[in-house]
Amino acid sequence: MGGPAAPRGAGRLRALLLALVVAGIPAGAYNLDPQRPVHFQGPADSFFGYAVLEHFHDNTRWVLVGAPKADSKYSPSVKSPGAVFKCRVHTNPDRRCTELDMARGKNRGTSCGKTCREDRDDEWMGVSLARQPKADGRVLACAHRWKNIYYEADHILPHGFCYIIPSNLQAKGRTLIPCYEEYKKKYGEEHGSCQAGIAGFFTEELVVMGAPGSFYWAGTIKVLNLTDNTYLKLNDEVIMNRRYTYLGYAVTAGHFSHPSTIDVVGGAPQDKGIGKVYIFRADRRSGTLIKIFQASGKKMGSYFGSSLCAVDLNGDGLSDLLVGAPMFSEIRDEGQVTVYINRGNGALEEQLALTGDGAYNAHFGESIASLDDLDNDGFPDVAIGAPKEDDFAGAVYIYHGDAGGIVPQYSMKLSGQKINPVLRMFGQSISGGIDMDGNGYPDVTVGAFMSDSVVLLRARPVITVDVSIFLPGSINITAPQCHDGQQPVNCLNVTTCFSFHGKHVPGEIGLNYVLMADVAKKEKGQMPRVYFVLLGETMGQVTEKLQLTYMEETCRHYVAHVKRRVQDVISPIVFEAAYSLSEHVTGEEERELPPLTPVLRWKKGQKIAQKNQTVFERNCRSEDCAADLQLQGKLLLSSMDEKTLYLALGAVKNISLNISISNLGDDAYDANVSFNVSRELFFINMWQKEEMGISCELLESDFLKCSVGFPFMRSKSKYEFSVIFDTSHLSGEEEVLSFIVTAQSGNTERSESLHDNTLVLMVPLMHEVDTSITGIMSPTSFVYGESVDAANFIQLDDLECHFQPINITLQVYNTGPSTLPGSSVSISFPNRLSSGGAEMFHVQEMVVGQEKGNCSFQKNPTPCIIPQEQENIFHTIFAFFTKSGRKVLDCEKPGISCLTAHCNFSALAKEESRTIDIYMLLNTEILKKDSSSVIQFMSRAKVKVDPALRVVEIAHGNPEEVTVVFEALHNLEPRGYVVGWIIAISLLVGILIFLLLAVLLWKMGFFRRRYKEIIEAEKNRKENEDSWDWVQKNQ
């Protein structure tokens, strides 16, 4: 199967054609041609272009230009009265403009009535121009600064002056001084300073002139009925008594009440500072103007009502209204135009506000003009000037009417500096609605008075291309009709047909087009589901160039294949044919106004393209083809007991979600299960027990989508699979790890069956840690006493006490497995020898390692205290001889007064440690007063975790408490004067003991010795012994 192939040109040409087609028609290149402007130049510094008017008489087209500061060759004695110039469009190769002769008075003081003598100096002739809307329509030209000097000794009266010029621009016209009244001479009162003609409008029967200076600048509108040559008067006292509102600053007229009646509109831009606009019914019976509608501006100083345009935007026969507020500001004078749509009987409803590009100081809305039907779409169009945009270069925006009122987006923006860099205040005046070059389309004329220039911009013919894309009604995805190689594939025939028509368009055109498949997917950045096959090549789009004949249809035929394993069989397959004109050759060009190349019709800012779509067939039992998906699931933590109620950060490496999805309804197309997960999880894999056509794709870091079943999930089927996520990067900032699992399909699903389509699985996240603390003391012991050298201790400035430095280092260690988000350590030191004793320790500093924490403690206000006791030599000696062995100071024992410090840590990662260094001084003067020979200090430190931070301490882990011990040893040597006393008392005691013994011995007779008897007895004994010895020898 197949159709004719597209021309196989170079890839470069194809890319160029694609760029042209996709780009569409830029806003600056619709059917007004800025490349070939017709430029008219006026006298220097004359404000040539302040007002412009397109005009025709018979077959001659003219551009009429007001130059309100020009000198007049017909009135050389008048100082800068201003002039109206006529510029012929055809047969005027030099673009010359000539002044209209209005047969005006040439001298100051020319009579103009019983009590009227004119002064034309600086009268600003040409400040406004208007044309009667018919074939031989006359022209209205005004000079609002024209003055009546009849009473110049008392008052000079700026009545204003208008002149009706015949259609042929040659015969003498009619003079209008609408504010002149005989014998009225006071400036300001009534119409004495009315300045009529500052704005003017012409209908078939009415001449409308604004007079903003009447009634002390309350203003009014002067309306002349040409049928009976009478003026319609405004008698509304409420309006007339509102001074300084400037009613009549802008005027227009239209069919507001009924398609057959004319109503008059006047703007009062100073009314209450915000501006107003009024619509008046012209009641010819009473000869008055009766107010039927009013609207107010929205911001102070916006000058709402300073420009007006009545135009039937939606083609319902009733005029709609555009009101300019050129000084409307968000930043500075960007300008705004409010659009009011006529709902009948003069009831207007605000539709929207237009702002152009909202450029700084643009004064968008300074001028508004109806252009008639610029592009032949059946609805009138309008131009809005922004003369100060681009630093006074100026711009004009073109907006199109439609059945709804007005298209909010402008179709083109005409930039003055791009048309001609010399243009200044381009857009101050605009005129349109007349075909100036004879090609059947109305053209637009724009004034740029600060460069004394006028530009005629011609409209190009507009081509309407009719495009049809023919597709099969549906695609049966279960019955392939084509082959791609050896593989059967689904396919469809695609036919595109083109024809064109338009007003005054060429008989033949060249058309570039690009036919794209499945554009809805491409616009979403997704892969298309179909592709074209041309001569064995596959491509996502077809690019061709056609030659079309007027009102004849040309068709092309193609074959598109459906990709295998298409997931989405619910959304339609959209084909789009985007097209653009090829380069058009216009033939021989005329010297003055060469023919313009046509353009394609603008589609209200949309892409110039045509779309059609087809769908996949579906096999459904119910009319609404409703699926009924049911979702079940369970969390499984790896390497964890099922009884564990939380996920320990760092302990669990991955987590699995076991999912079961069932379909109890019709076949579910594009069935999928999506997972909204934490961005800290990483998708590892999807597991299924057997191949069931399930595939998963991570669309975002926190969004996983799994397609279930291909090409659809059958009715009464069930699928089970698991998705596995890596949890090693969880930070723990979230309290709960949640999974939102949703089952959905492209089918509709009844509301009563949606309750089981979503599953929320959650598990708390906890920090599981095993903390421990160790400590060391330096020194572990020291000796104190009176005989200990003072150099072993330190003294603080101006203090007598001797201090022993004590340094303690504590280390907190986190074994893991989780990071410890925060912890604290409490430390206690025995600080007094007794409950009422003085404080012994003075903490100098506590430092947390790496500055990842802070400590707090209570400083000792009086670190140096020397206990003062009443000296008693006998008590001192007694204490020396009765010193006990060891005293233990432990904060856990009752009655012990302790110093407590606290330290808080920041996060402590797994297998990391944190140290606390404590620098203290111990007052040894207090120790000296104690009777113990050894004082043992037991300092304790304990690490604590905060349950509020979701921290769990592992049971039966490392100890969270440590005891650090050091000892103070007394040297047991008494003071010097005590030693003397001990020696003296010892001698005294010895003598007393000796005397006591002597007395005792004396009393016992120790000193009564019988020396004589003893000696004699000893002598006798010796003799006896001697005689015994002799006897024995003789035997």
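Placed from the backbone N, Cα and C atoms, the Cβ positions cover glycine too.
The Ca(2+) 1 binding site annotation in Swiss-Prot covers Asp312, Asn314, Asp316, Asp320. Asp320 (Ca(2+) 1 binding site) counts 26 other C-beta atoms within 10 Å of its own C-beta, drawing on all protein chains shown.
According to Swiss-Prot, the feature Ca(2+) 2 binding site maps to Asp373, Asp375, Asp377, Asp381. In the three-state DSSP scheme, Asp373 (Ca(2+) 2 binding site) is classed as coil. Within the same chain, residues at least six positions away from Asp373 (Ca(2+) 2 binding site) with a Cβ under 8 Å of its Cβ are Phe379, Pro380, Asp381, Pro442.
For Asp443 (Ca(2+) 3 binding site), the Cβ neighbour count at a 10 Å cut-off comes to 27, with all displayed protein chains included. Here Swiss-Prot flags Asp435, Asp437, Asn439, Asp443 as Ca(2+) 3 binding site, drawing on similarity to another entry.
For the recorded site, Cys97 (disulfide bond), the DSSP three-state label reads strand. The local packing around Cys97 (disulfide bond), expressed as other Cβ atoms within 10 Å of its Cβ over all shown chains, amounts to 23. The annotation disulfide bond is assigned in Swiss-Prot to Cys87-Cys97 (among others) on the grounds of similarity to another entry.
Under the DSSP three-state reduction, Cys142 (disulfide bond) is assigned to strand. Taken from Swiss-Prot, the feature disulfide bond covers Cys142-Cys162 (among others).
Cys194 (disulfide bond) falls within neither a helix nor a strand when secondary structure is assigned with DSSP, and so counts as coil. Positions annotated as disulfide bond by Swiss-Prot, on the basis of similarity to another entry: Cys179-Cys194 (among others).
DSSP assigns Cys491 (disulfide bond) to a strand segment in the three-state reduction. According to Swiss-Prot, the feature disulfide bond maps to Cys482-Cys491 (among others), an assignment based on similarity to another entry.
The disulfide bond annotation in Swiss-Prot covers Cys497-Cys555 (among others) and rests on similarity to another entry. In the structure as shown, the Cβ atom of Cys497 (disulfide bond) sits within 10 Å of 15 other Cβ atoms.
Packing around Cys625 (disulfide bond) is summarised by its Cβ count: 19 other Cβ atoms lie within 10 angstroms of its Cβ, all protein chains included. Here Swiss-Prot flags Cys620-Cys625 (among others) as disulfide bond, drawing on similarity to another entry.
Long-range Cβ proximity for Cys696 (disulfide bond), meaning a same-chain Cβ under 8 A and a gap of 6 or more residues, is found for Phe683, Met686, Leu704, Lys705, Cys706, Ser707, Val723. The annotation disulfide bond is assigned in Swiss-Prot to Cys696-Cys706 (among others).
A strand conformation is recorded for Cys855 (disulfide bond) in the three-state DSSP classification. Listed in sequence order, Met846, Val847, Val848, Ala901, His902, Cys903, Asn904, Ile916 are the same-chain residues at least 6 apart in sequence whose CB falls under 8 Å from the CB of Cys855 (disulfide bond). Residues or ranges marked as disulfide bond by Swiss-Prot: Cys855-Cys891 (among others).
Under the DSSP three-state reduction, Cys903 (disulfide bond) is assigned to strand. Per Swiss-Prot, the feature disulfide bond maps to Cys898-Cys903 (among others).
The repeat 'FG-GAP 1' annotation in Swiss-Prot covers 35-96.
Residues or ranges marked as motif 'GFFKR motif' in Swiss-Prot: 1005-1009.
According to Swiss-Prot, the feature signal peptide maps to 1-29.
Residues or ranges marked as transmembrane segment by Swiss-Prot on the basis of sequence analysis: 982-1002.
Secondary structure from DSSP puts Cys625 (disulfide bond) in coil.
In the shown protein chains, 16 other C-beta atoms lie within 10 A of the C-beta of Asp316 (Ca(2+) 1 binding site).
The most crowded of the disulfide-bonded residues listed here (Cys482, Cys491, Cys898) is Cys491, judged by how many other CB atoms sit within 10 Å of its own CB. Among the recorded positions Cys97, Asp312, Asp377, Cys898, the ones whose Cα sits within 10 Å of the Cα of Cys891 (disulfide bond) are Cys898. The C-beta environment of Asn314 (Ca(2+) 1 binding site), restricted to residues of the same chain at least 6 apart in sequence and closer than 8 Å, consists of Asp320, Ile341, Phe379, Gly401, Asp402, Ala403, Gly404, Gly405. Distance noted between the C-alpha atoms of Cys625 (disulfide bond) and Asn439 (Ca(2+) 3 binding site) is 57 Å. The Cβ neighbour count for Asp381 (Ca(2+) 2 binding site), using a 10 Å radius over every protein chain in view, is 28. In this structure, Cys620 is the one among the disulfide-bonded residues Cys87, Cys142, Cys620, Cys706, Cys903 with the smallest number of other Cβ atoms inside 10 Å of its Cβ.
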